[in-house]
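Notes to accompany the following structure.
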């Protein structure tokens, strides 16, 4: 039996035990966005090391291991890499969609004037790199990879900002997070529209029916998360069979997730007041009215949080420290050769990220501010914005994902090398500039106004 005899809780707090000190620290560790970037970096280094070692053939073969099930005439067989890219990454896109909806409904994206700068800058950060890439690859085999240079990797960008600590103004952090959200949404649309196979409309219709059923369950008040995950898995199978990239299921379900809790704040207060009205004593055990009141209070506390917030808190650590490192291990491994680095596709990818991203983000942000469409957040100087724009050249996770849809074999390896090289150059350039700027940077203001 767990006791709280050694705990010294403050008034209004839950009692603690020795294990809580460890688990709470670990929970805080998991919640730090920068830590997931460090884990992702470690997985990338491991993948690159093994891919350029005597064990490279075995490492490559591992991800091609076929895995699947067969029930009668139904057969589902995929390589381990495909299961990660098409299956587990659906959870990643689900989390991205939850983040987008939370920010739009509850967060920084609620204020149109505040978000306008990020939207305009994100547009420039996608259009300019894409245009530069197409200019370099027009009529070439790599032309189909125009979507590779569009995204920004949130985890790595936040990880870089964490290295700078208090030198990073809150305005820059909000700007980059909002920009990354817009980037992610656009990248999702690119995958769904630009890199899908021929469509099986029957399978797609079955997937659409599944979404209608999920909507109906929500309207009826079904709150069992397991039921929704089971329905989501069935929809995923249908959409996967349709030819449209199945990760779009994660996006749609994430955007369909409610942002309002089932129990209102007022109702929660009433329920808690009822529980607190009981006099002290040993009357919480057994099948009693008091016990049922306590159970109702527990449910009310949980259901006051919106499904978006609960699912994000529940799944984000698993995605950040499980799915994304697995994705990096399965996809970031590529033989590093001079021939690969000077491949036209690799050079076009590097140009798009290292040059196109910062130029597009900075130029469009400046135009947005000068035309009055957008305003800069307090504390975000032009010098800081340029430094942040350099960091947006870190495409990594989404860029590798899109490259896997656009290319095969040697061209895919060249694109991966370009993505990795661009991520290194962009992170070093961005960190160097942000470190060089004074805390109250006004040096670039005169040049932009």
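Note that Cβ sites are derived from N, Cα and C of the backbone, with glycine treated the same way.
Note that the coordinates shown come from a computational prediction; the quantities given were computed from them, not determined experimentally.
Sequence-distant neighbours of the transmembrane segment (32-52) (same chain, 6+ residues past either end, Cβ-Cβ under 8 Å): 59-60, 154-163, 320-321, 324-326, 328-336, 396-397, 420. If you look up Swiss-Prot, you'll see 32-52 (among others) marked as transmembrane segment, on the strength of sequence analysis.
Marked as transmembrane segment by Swiss-Prot: 87-107 (among others).
The transmembrane segment feature in Swiss-Prot is assigned to 114-134 (among others).
Annotated transmembrane segment per Swiss-Prot: 145-165 (among others), in sequence order.
The feature transmembrane segment is assigned by Swiss-Prot to 174-194 (among others), with sequence analysis given as support. Same-chain residues lying 6+ beyond the ends of the transmembrane segment (174-194) with a Cβ under 8 Å from its Cβ atoms: 93, 96-97, 99-100, 103, 108-109, 114-115, 117-119, 121-123, 125-126, 146-147, 150-154, 157-158, 161, 244-245, 247-248, 251, 361, 377, 380, 385, 388, 391-392, 398, 401-402, 405.
Counting same-chain residues at least six beyond the ends of the transmembrane segment (202-222), those with a Cβ under 8 angstroms from any Cβ of the stretch are 228, 231-232, 234-235, 238-239, 241-244, 249, 252-253, 256, 258, 262. Residues or ranges marked as transmembrane segment by Swiss-Prot on the basis of sequence analysis: 202-222 (among others).
The transmembrane segment annotation in Swiss-Prot covers 233-253 (among others), and the record cites sequence analysis as its basis. Long-range contacts of the transmembrane segment (233-253) within its own chain (CB-CB distance under 8 A, at least 6 residues past either end) are made by residues 76, 86-87, 89-94, 96-97, 188, 191-192, 195-201, 203-204, 206-207, 210-211, 214, 405.
According to Swiss-Prot, the transmembrane segment annotation covers 318-338 (among others). Residues 30, 33, 35-36, 39-40, 42-44, 46-48, 50-52, 56, 59-60, 63, 80-81, 84-85, 88-89, 91-92, 95, 155, 397, 400-401, 404, 413, 416-417, 420 of the same chain, all 6+ positions outside the transmembrane segment (318-338), place their C-beta atoms under 8 angstroms from a C-beta of that stretch.
Per Swiss-Prot, the feature transmembrane segment maps to 347-367 (among others); the stated evidence is sequence analysis.
Residues annotated as transmembrane segment in Swiss-Prot, with sequence analysis given as evidence: 382-402 (among others).
As annotated by Swiss-Prot, transmembrane segment applies to 417-437 (among others), with the evidence given as sequence analysis.
Tertiary neighbourhood of the transmembrane segment (114-134): same-chain residues 108, 143, 145-150, 152, 174-175, 178-179, 181-183, 186, 348-349, 351-353, 355-357, 359-365, 367-369, 373-377, 389, 392, selected by CB-CB distance under 8 Å and a gap of 6+ residues from either end.
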